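Record features (TrEMBL):
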| type | residues | note |
| --- | --- | --- |
| ACT_SITE | Glu186 | active site, proton acceptor |
| BINDING | Asp49, Ser50, Asp88, Lys118 | 3-methyl-2-oxobutanoate binding site |
| BINDING | Asp49, Asp88, Glu120 | Mg(2+) binding site |
Amino acid sequence: MSATARKKAPNAQDIRARKGGEPLVSLTAYTTPMARLMDDHCDFVLVGDSVGMVLHGLESTLGVTMEMMVMHGQAVSRGLESAMMVIDMPFASYEHSPAEAFRNAAQLMSETSAGAVKLEGGVEMAETIRFLVKRGIPVMAHIGLTPQSINTLGGYKVQGRDEQAEAVLEDARAVAEAGAFSVVLEKVPHKLADQITDEIEIPTIGIGASAGCDGQILVVDDMVGFFTAFKPKFVKRYAELGPLAEAAIAEYAAEVRARTFPADEHVFSDQAPSKGPKT
Ligand code: KIV
């Protein structure tokens with residue numbers, strides 16, 4: 001086990017105490033370098049199971065395993081000092097029983113040093129959330145569009161329009177009452193997100209929800225333009241790094257083929273340079 005406590009990072013109680021205050025800032029991360037870039041800017045960083053689609057080319061998050069989450073969790077943990085790390089429980093690691101959820105959540109936390117786990121589901125997961133919290137595992141809930149359930153939801157649709165609104169509200173109440181320290185609201189109408197934020201006592205973290213939520217989260221590769229397979233409406237592209245990286249790769253390929261790379265400054269002579277006085 002490689003758990004090492006970080007110094008300044010907020011914990012679940014600190015995040016919980018931010019309800020109604022300055023908005024919480026969060027992004028996903030899957031690697032050490034990306035975690036380092038966001039450490040000073042985020043309150044918490046989520047090792048999301050979106051890693052399956054973003055880095056591993058899977059069509060959904062359903063194929064993400066515990067092993068993948070542990071490996072990416074360890075990588076992200078090495079890049080964080082001041083942001084809290086939350087880690088997703090992958091599909092089929094928590095739904096069967098609270099006891100199995102505890103075993104897997106404990107493994108994720110002890111092997112990655114995450115400060116909390118996130119799991120998807122509302123009313124139906126309340127018992128599991130209560131079980132985990134009572135045994136020392138802080139839980140961030142995730143309701144609205146829950147991507148691990150796309151096969152029963154029928155796709156990545158907005159959740160909570162019209163008569164569905166009451167069910168999403170019930171989910172929010174249930175996870176708050178069960179002891180979750182915060183809840184992600186994904187792809188719910190903005191008025192419903194505002195109503196939930198007003199009503200429940202834990203911070204709401206919006207993704208495709210409302211600027212009125214207590215915080216926001218985005219998938220980092222979406223917002224910097226690395227993941228270009230598709231762009232959900234709720235994503236704002238703050239940069240277009242994908243096309244920039246591709247242009248750099250194309251230039252490198254052309255220079256290799258033209259033998260203009262490596263140039264003189266990139267190769268080594270057969271004699272070590274003399275150690276003259278520094279000027
Ligand atoms: O896996 C993920 O990236 C997530 C966020 C989009 C909330 O769950």
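Cβ atoms here come from the backbone N, Cα and C positions, even for glycine.
Curation plays no part in TrEMBL annotations; they are all automatic predictions.
From a predicted model like this one, the values you see are computed outputs, not experimental measurements.
A separation of roughly 13 Å, to the nearest angstrom, links the Cα atoms of Ser50 (3-methyl-2-oxobutanoate binding site) and Glu120 (Mg(2+) binding site). For ligand 1, the nearby binding-site residues are Asp49, Ser50, Asp88; that is, of Asp49, Ser50, Asp88, Glu120, these have a C-beta under 6 Å from one of its atoms. Counting every protein chain shown, the Cβ of the residue listed as 'active site, proton acceptor' has 23 other Cβ atoms within 10 Å. Reported as a whole number, the C-alpha separation between Lys118 (3-methyl-2-oxobutanoate binding site) and Glu186 (active site, proton acceptor) equals 13 Å. Of the recorded residues, Asp49 (3-methyl-2-oxobutanoate binding site) and Glu120 (Mg(2+) binding site) place their C-alpha atoms 11 Å from one another. Report note: the 3-methyl-2-oxobutanoate site is defined by Asp49, Ser50, Asp88, Lys118, and the residues of the same chain whose CB lies within 8 Å of the CB centroid of those residues, excluding them, are Thr28, Leu46, Val47, Gly48, Val51, Thr61, Val64, Met69, Ile87, Met89, Pro90, His142.
A straight line from the CA of Glu120 (Mg(2+) binding site) to the CA of Asp88 (3-methyl-2-oxobutanoate binding site) spans 9 Å. Its own atom aside, the Cβ of Asp88 (3-methyl-2-oxobutanoate binding site) has 28 Cβ atoms within 10 angstroms in the protein chains shown. Annotation note: Lys118 (3-methyl-2-oxobutanoate binding site) sits in a strand segment as assigned by DSSP.
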